[in-house]
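Accompanying notes for the structure given below.
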Amino acid sequence: MNPTLPTDSPLLSRSMIAVICAQFLSAFGDNALLFATLALIKQQLYPDWSQPILQMAFVATYIILAPFVGQVADSFAKGRVMMVANGLKLAGALVICFGFNPFLGYTLVGVGAAAYSPAKYGILGEITSGEKLVKANGLMEASTIAAILIGSVAGGILADWHIVAALAVCAVVYAAAVIANLYIPRLPAAHPAVSWTPRAMTQAFFNACVVLWRDGQTRFSLIGTSLFWGAGVTLRFLLVLWVPVALGIADNATPTLLNAMVAVGIVIGAGAAARFVTLETVRRCMPAGILIGVAVAIFALQTTLFNAYALLLIIGVLGGFFVVPLNALLQERGKNSVGAGNAIAVQNLGENTAMLLMLGLYSLAVKVSVPVVGVGIGFGVVFALAISALWLSQRRAK
């Protein structure tokens, strides 16, 4: 089966449904595994500052593999690349489940995730195009966030009950994702590789970086999404330490439920972006980005669970409205210049470098005993200022 799918097919085509289902299962496993592994390292009495180190090892794989994964995604059928990547995630989950070093196992999951990301987003541009691509990104983000919502909560609740059972569920879900990938049509390679030598691949990747960075629109998208996801992953770990201090709750489930509220909000915001923002009006999303930082600073001061839920829902809505148009812009312009897989690999490099830097600063702040509420306020203010600066620079460029 080697069809070239028409990009004018209905949005909810068989191919799109297969991609969305596979993505849901894979993202569910990622998020359940994170919270199950955090519970495991807490049980094994690792220090608090080691929690973000777990995620830093994960994102470091994205940075190291960035020159290679885009070419892999563009040189093979993307559905099969996604299947192999989910197989690597399954192997990492089994490493943790069978009692080996959790940092090693989670790093292996990171290798799978790094290979998976360019393929999962790049395939959207092969089965749809134009304004449908914004809507397809909305579906992808909604599927991902629904998986974050259910996976995070399931991981936290199962870990409170039985940590090994939680890890086993993650392995089963990854196995289901591998099977789901078999139903994605085998599409022709988008940009077959010229060379597979590491030097040539690295040179080609950095050439793609230069091409995208010189384009004002894609540079704008790269910076915006990098700031957003760097902030998002840091907020996740902030919640783990903030909940016991601000709310006096010490279980594993509450931080996952709070993260779930962000997920619900992103689904709503992604839907609003698909309705009100087009590729020609991407700058409409920028005020939402600034308000994310303001809302995070206000959130850090809360002392009641209801207010925390409400503010995190608002943060999620703003986040979905902010990031979906930027993703679509990069994919649309990137697929015509360097290939969708390479464009997403460059985006992953930026996003994960931002994550690594922000998590490193957060881990340092925790290690030197900066109050977690103060960390939250400072984090929100700096994010709002960064997005404001990005917006002003884009307006001046126009």
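These residue numbers are counts, starting from 1, taken along the chain as shown.
Note: Cβ is positioned from N, Cα and C throughout, glycine not excepted.
The feature transmembrane segment is assigned by Swiss-Prot to 16-36, 53-73, 91-111, 139-159, 163-183, 195-213, 227-247, 253-273, 286-306, 310-330, 344-364, 372-392.
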I'd like to know if the transmembrane segment (163-183) touches the transmembrane segment (344-364) in this structure, counting it as a touch only when three or more C-beta pairs sit under 8 Å and are separated by 6 or more positions.
no
The transmembrane segment (163-183): which same-chain residues, six or more beyond its ends, come within Cβ distance under 8 Å?
18, 21-22, 25-26, 28-29, 32-33, 35-37, 39-40, 43, 79-80, 82-83, 86-87, 89-90, 93-94, 96-97, 151, 154-155
Counting CB pairs under 8 Å, which listed stretch among 16-36, 91-111, 227-247, 372-392 touches the transmembrane segment (253-273) the most?
227-247
Long-range Cβ contacts under 8 Å made by the transmembrane segment (286-306), restricted to residues 6 or more beyond its ends, are 224, 227-228, 231, 235, 242, 246-247, 249, 254, 269, 312, 314-315, 318-319, 321-322, 373-377, 379-388, 390-391, 394
Against which stretches of its own chain does the transmembrane segment (227-247) lie, if we need a Cβ under 8 Å and a gap of at least six residues from its ends?
34, 38, 48, 51-52, 55, 59, 254-255, 258-259, 262, 289, 292-293, 296, 300, 302-305, 308, 315, 319, 322-323, 326, 351, 354-355, 357-359, 362, 366, 371-373, 375-376, 379, 383, 386-387, 390
Tertiary contacts of the transmembrane segment (372-392), as residues 6+ beyond its ends and Cβ separation under 8 Å
220, 223-224, 227, 231, 234-235, 238, 241-242, 245-246, 283, 286, 289-301, 362, 365-366
Where else in the chain does the transmembrane segment (91-111) make close Cβ contacts, counting only residues six or more beyond its ends and a cut-off under 8 Å?
29-30, 33-34, 37, 40-41, 44, 53-54, 57-62, 65, 164, 167-168, 170-171, 174
Please give the sequence-distant neighbours of the transmembrane segment (195-213): residues at least 6 beyond its ends with Cβ less than 8 Å from one of its Cβ atoms.
66-68, 70-71, 219, 222, 330, 334, 337-339, 342-343, 345-346, 349
